[in-house]
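Student: Below is a structure I'd like to ask you about.
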Amino acid sequence: MAQFYSAKRRVTTRQIITVTVNDLDPFGQGVARHNGKALFIPGLLPQEKGDVVITEDKKQFARAQVKRRLNDSPERETPRCPHFGVCGGCQQQHASVALQQRSKSAALSRLMKCDVAEVIADTPWGYRRRARLSLNYLPKTQQLQMGFRKAGSSDIVDVRQCPILVPQLEALLPRVRACLESLQGNRHFGHVELVQAGNGTLMVLRHTAPLNATDREKLERFSHSEGLSLFLAPQSDILEPLTGEAPWYDSNGLRLTFSPRDFIQVNEGVNQKMVARALEWLDIQPDDRVLDLFCGMGNFTLPLATRAASVVGVEGVPALVEKGRENARRNGLQNVTFFHENLEEDVTKQQWAKNGFDKILLDPARAGAAGVMKHIIKLKPIRIVYVSCNPATLARDSDALLNAGYQIQRLAMLDMFPHTGHLESMVLFERL
């Protein structure tokens, strides 16, 4: 009689190798060389040696996981946050701020084939004036989770503190948690958003089921005791103000009101310096006509209008156009106009573009401005400032300007998000 045996499961032992890191990529990963290609290792810094296991091996690069760090770089820091390494918010708290800035500047310089002239930075801690915290009720423990997502996961890290938040928001975290835990409807909460505006703190609560009268009363009492403005979001496209006043923030001496859903730069200090540097680079003269593309609600547009003869702000989101017009009225600026346009279309054919522009500023989203560059070139401005949140699309769009006879005069790295992998920048182009 034949006897059959099941094949033994093959056990693969991953080889441990020892490598020395010689670089840090902009995402905070150590970079070593192995078998003639780049090896990316989270957790190791330049000058550090470690025993690592390769977890992914591609043709052009590989990834590895640290098993043991054999020495410490002089630029290694003790992370301030107890959640670092688990929370997906920060990737570089283990590296000195100087090292973070050097690695990001080097990556930007390589992409742009141009030296970074300056790093525009502010305080590296307590800088974030906006935070969205996920909420999740756990029936077994009857507890409410409140925090940020884990790195590479939808799981929530229960956050008790966050040292990159502005101090007012970090101090508020335990009290917000206690308030929300006490509500009867906390099984139906999606997230809570906190924003530190110029006139105080605002809070937005996303809930997926109606709040009863008791919960609404508790929330109102909480908002009054904390002195914050409270908004409820029963649906993703509905915002109900419950207490407080409309928020605003300062931009180069002007007051800009905004809705809790509007985009604002989360780093107030760097935003102020960025706007000031843009005005300086463009060298605005009293007779200049200036165009601001992807203008939002006027973060750059309105400060430009304090110096130029006239400014046109163009934006693809109608609500932001209305907010820009409102902010111009509130600040008494009569030489600025806002228009809602599809920025992929030829804006040079619009009535407001007939007289041309001396200077142009653009601040697009991560996708960049590929469809807009040819129209900018047709307008033939003397100077262009491009503010970017994605160096890859910035490099692509810059090629169009360089091929049209513009030159890069200044390149700056904006340290808008210290301790993270986000790299922002701004470039000054000048027509030859």
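Start at 1 and count along the chain as shown; that gives each residue its number.
Using N, Cα and C of the backbone, Cβ positions are placed for all residues, glycine too.
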Student: Write down the one residue from C114, C162 that Swiss-Prot lists together with C81, C87, C90 as binding [4Fe-4S] cluster.
Tutor: C162
Student: According to Swiss-Prot, F294, N299, E315, N342, D363 bind S-adenosyl-L-methionine; which one of Q265, Q272, Q285, Q351 is listed for that same site?
Tutor: Q265
Student: Counting only residues 6+ away in sequence within the same chain, which have a CB under 8 Å from the CB of N342 (S-adenosyl-L-methionine binding site)?
Tutor: G316
Student: Take the Cβ of N299 (S-adenosyl-L-methionine binding site) and count every other Cβ within 10 Å, whichever protein chain it belongs to.
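Tutor: So the number of other Cβ atoms within 10 Å of N299 (S-adenosyl-L-methionine binding site) is 27.
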Student: Residues other than C81, C87, C90, C162 within 8 Å, Cβ to Cβ centroid, of the [4Fe-4S] cluster site?
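Tutor: Neighbours within 8 Å of the Cβ centroid, excluding C81, C87, C90, C162: H83, F84, G89, Q93, F148, V159, P163, I164, H419.
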Student: For the domain 'TRAM' (10-68), what's the mean pLDDT in this predicted model?
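Tutor: Averaged over the domain 'TRAM' (10-68), the predicted model reaches a pLDDT of 91.
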